[in-house]
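Visitor: Got a structure for you, questions after.
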Amino acid sequence: MPKGRIIKALSGFYYVESDEGIVQCRARGNFRNRKITPYVGDWVEYEAENHTDGYILAIDERENQLVRPPVANVEQAVLIFSVEDPKFSPVLLDRFLVHVEANGIEPLICMSKTDLNHDGIREELEYFEDAYTRIGYRVLRTSIYLEETIEQLKPYLTDRVSVFAGQSGVGKSSLLNILKPGVEIKTDETSKSLGRGKHTTRHVELIPLNEGGYVADTPGFSSLDFTGIEAIHLGDCFPEFQELSHDCKFRGCQHINEPKCRVKAAVDEGQVTKERYEHYVEFHEEIEQMKRRY
Ligand SMILES: Nc1nc2c(ncn2[C@@H]2O[C@H](COP(=O)(O)OP(=O)(O)O)[C@@H](O)[C@H]2O)c(=O)[nH]1
Ligand SMILES: [Mg+2]
Ligand SMILES: [Zn+2]
């Protein structure tokens, strides 16, 4: 049975790419009964007599999945944060990082619009670059006006499936348009379409890059609440806590009120930044509150 990958979903059709080319498939009814919906990014088995009448018969187990937007087997999340306009938000970056870590997806941080490089920005940029690099994250600078930064980004996207994420206005579509000239990426409509319970079906598509690899054309995560993340596991989403937490006095220490907490000591010693720790406490509280409400 031929196998391929769903690269686009539209109006009940799934476009499966394989060595044979792209086949337009429907899902077999039994998926719907079992409440499994094929996602863009899924590896599937299908049967097809021609290029427009295929059926998806089986879906391979997923490495990971994002529900909003629905996309499976994402290998990398490119977290795009502009240095200005909109202003860089460390708390939002940490929120994205927690999501990415919780989903087992590799993050790549892109500080975008680095052509806007006057004094105040430069200092802040260097500070955060250093802080996140020390945690072990990869941080790149990008600007659609600085070609060398685009060339530096390209190898990170080659031969893997990436999803771009970040606030509206940080330059996601602009970057995609440069990486894939000719594909007119619609401008971001998240802020408008998310309002007032308006029902919008998110159209997701994997855009093949010339160098190999795909970028999911989606506005990124549409929801950033912590559903599905337990407070006791939040610390696992902060890589710089990992080693330290072995030396906390209490097993399962949540680094909040426990005595002899190595993470809190590391904050005092400057090994863990105050901002990151404060965000951890803020998210922890948010998760606890969510739990109390339901
Ligand atoms: N100065 C500067 N402006 C940029 C850059 N990239 C995008 N922009 C501008 O930022 C605005 C939002 O860009 P867009 O790609 O629509 O952002 P998106 O909402 O994240 O998709 C547009 O006016 C772009 O021209 C950049 O590298 N430098
Ligand atoms: Mg956009
Ligand atoms: Zn602790």
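Cβ coordinates are placed from backbone N, Cα and C, and glycine is handled just like the others.
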Visitor: Besides Cys248, Cys253, His255, which of Cys237, Cys261 does TrEMBL list for that Zn(2+) site?
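Guide: For Zn(2+), TrEMBL names Cys248, Cys253, His255; of Cys237, Cys261, the listed one is Cys261.
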Visitor: How many Å lie between the Cα of Ser174 (GTP binding site) and the Cα of Cys261 (Zn(2+) binding site)?
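Guide: That separation, Cα to Cα, works out to 44 Å.
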Visitor: Given the GTP binding site residues Ser112, Lys113, Thr114, Asp115, Gly166, Gln167, Ser168, Gly169, Val170, Gly171, Lys172, Ser173, Ser174 in the record, what is the largest Cα to Cα distance, rounded to whole Å?
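Guide: Those residues reach a largest Cα separation of 19 Å.
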Visitor: Spatially, which candidate from the binding-site residues Cys248, Cys253, His255 is nearest to Lys172 (GTP binding site), comparing Cα atoms?
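Guide: Checking each of Cys248, Cys253, His255 against Lys172 (GTP binding site), the shortest Cα distance is to His255.
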